[in-house]
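Feature annotations, courtesy of TrEMBL:
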COMPBIAS  1-13  compositional bias 'Pro residues'
REGION    1-66  region 'Disordered'
DOMAIN    39-70  domain 'Small EDRK-rich factor-like N-terminal'
COMPBIAS  50-64  compositional bias 'Basic and acidic residues'
DOMAIN    72-94  domain 'C2H2-type'
COMPBIAS  86-95  compositional bias 'Basic and acidic residues'
REGION    86-109  region 'Disordered'
Amino acid sequence: ARTAGPVPPPPRSPPERRRRGRAEPPQRSAGPPSPDPARKIQSQQKNAKKQAEQKKKQGHDQKAAAKAALIYTCTVCRTQMPDPKTFKQHFESKHPKTPLPPELADVQA
Ligand SMILES: [Zn+2]
């Protein structure tokens, strides 16, 4: 009966398509608002991190300063060096044509 039936139920498919079409736009419109809360959360997390870091710095100021001073990253090739002398020597030998960064100007190698 089905194969011979020349009249399948056509009225069902058009309404479904319309429903789907209607359902799509709300989903799209619901998409854009979501990034805003995410950004808020990220910024909040960043603020929390900063505050935590500041607290840590206040507690271990000398340690943090010493640790920060121990790591010098070459501005040209990104090589990390433990002290400014090494950094300056590296810079002068590897990048003689590049002007010294100001932080190395007063370093005596
Ligand atoms: Zn370098």
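Using the three backbone atoms N, Cα and C, a Cβ is placed for every residue, glycine included.
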Local confidence of the prediction over the domain 'C2H2-type' (72-94), expressed as mean pLDDT: 91
The domain 'C2H2-type' (72-94): DSSP-derived helix, strand, coil residue counts: 11 helix, 4 strand, 8 coil
